[in-house]
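Pulled from Swiss-Prot, these are the features on record:
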{"type": "ACT_SITE", "residues": "Glu89", "note": "active site, proton acceptor"}
{"type": "DOMAIN", "residues": "95-328", "note": "domain 'Radical SAM core'"}
{"type": "DISULFID", "residues": "Cys102-Cys333", "note": "disulfide bond"}
{"type": "BINDING", "residues": "Cys109, Cys113, Cys116", "note": "[4Fe-4S] cluster binding site"}
{"type": "BINDING", "residues": "Gly159, Glu160, Ser191, Ser214, Leu215, His216, Asn290", "note": "S-adenosyl-L-methionine binding site"}
{"type": "ACT_SITE", "residues": "Cys333", "note": "active site, S-methylcysteine intermediate"}
Amino acid sequence: MNNILSFEINEIRNILQGWGEPSYRADQIFDWIYKKLVLNPLDMTNLSKTLRQKLLEYFSFQIPKVVRITGDGNTKKYLLELEDGENIETVLISHKNRNTVCVSVQVGCPIGCKFCATGLIGLKRNLETHEIIGQLMVIQEDLEKKEEKISNVVYMGMGEPLANYDNVIKSIRIIKEEWGFNIGSKHITLSTIGIIPKIYQLAEENLKIRLAISLHASNNELRSKIIPINKEYPIEELLESAFYYAEKTGRRVTFEYVLIKNFNDRREDAKELVRLLKGKPAHVNLIPWNKVREYPWETSDLKDIFRFKEILANSGINVTLRISYGSKIKAGCGQLRALYLKNKGETI
């Protein structure tokens, strides 16, 4: 059965017209779903009983099931169960009047970065559009209790967004549009390890969302050690695609850089990063590595983190240090899989 959360409004209009219904019924249906959070068509009282019954028979209105919620201050991690029994994790960060949702796009991840917990799962499957949108529905329902709304969406959860391109792009359109979640492009960020052909394709979509590149090293030798796909998509070509995206969209690109002790946090690493990015439409987001016990790495010392940041800032690079919200509940960068394995009965 088709899940209605996978459809854009024009697709629903076409289906309704085939049923002999006026196209404005689609607007009413989506108002119930995205504005009133009503997922039972029988409760859509401005529709005829016949149409309500037809919607119930033709579409699924299912969203992921909440298995467990863990909280740490302003961060909540949701373990969700999909219809086939697979699990994903979604994170809500509430900070300074913002509610940012970090969505997953795959069950597991195919990239296998050598510092990230999600990659240890491997790839189970891609998420469908409705499974991405369903994560937002779950969290918006939770926020409604406080009369709050989702303000930002980041594609930084489990999986590589550009490896599930079609479903991710469709979900972005649903999030952006007024009939959907009505969240503006500048409040949507897609983070990618750097699948270069898809970055060029994304630039042509005219979505104008924010792009974040998971760089994590300033030269190919180091990056290839922790990001296997770098051998296929080396740094120089990756930067070229990123700056093409910036030129096409008018948005500077964020480069995420996880700091790992005595690996990529040295003075020379910072200076090499300056040479790559100086004078470019770039912003660097430094992220202290969050411990994953299967890997031998350690988090950089604070003095080295601040030295790295200072070298970039003094060289004219826009740089911020990300506070790792949620690391205590394993909801921080690179940690999404602990609840997944626990729910599957595996050792973590």
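Backbone N, Cα and C define each Cβ position, glycine as well.
Annotated features, which come from Swiss-Prot, shown on the structure.
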{"residue": "Cys102", "record": "disulfide bond", "contacts (Cβ under 8 Å, 6+ apart)": "Thr90, Val91, Leu92, Ile93, Val154, Met156, Gly157"}
{"residue": "Cys109", "record": "[4Fe-4S] cluster binding site", "contacts (Cβ under 8 Å, 6+ apart)": "Cys116, Thr118, Gly119, Ile121, Gly122, Leu123, Met158, Gly159, Glu160"}
{"residue": "Ser191", "record": "S-adenosyl-L-methionine binding site", "contacts (Cβ under 8 Å, 6+ apart)": "Val154, Tyr155, Met156, Pro161, Ala212, Ile213, Ser214, Glu256"}
{"residue": "Leu215", "record": "S-adenosyl-L-methionine binding site", "contacts (Cβ under 8 Å, 6+ apart)": "Gly194, Arg223, Ile235, Leu238, Phe255, Glu256, Tyr257"}
{"residue": "His216", "record": "S-adenosyl-L-methionine binding site", "contacts (Cβ under 8 Å, 6+ apart)": "Cys113, Phe115, Arg223, Ile226, Ile227, Glu256, Tyr257, Val258, Asn264"}
Among Ser214, Asn290, the most crowded of the binding-site residues [Cβ within 10 Å]: Ser214
Rounded Cα separation (Å) that holds between Asn290 (S-adenosyl-L-methionine binding site) and Glu89 (active site, proton acceptor): 17
Candidate with the highest Cβ count within 10 Å, taken from the binding-site residues Cys113, Cys116: Cys116
Site extent for S-adenosyl-L-methionine (largest Cα pair distance over Gly159, Glu160, Ser191, Ser214, Leu215, His216, Asn290, Å): 19
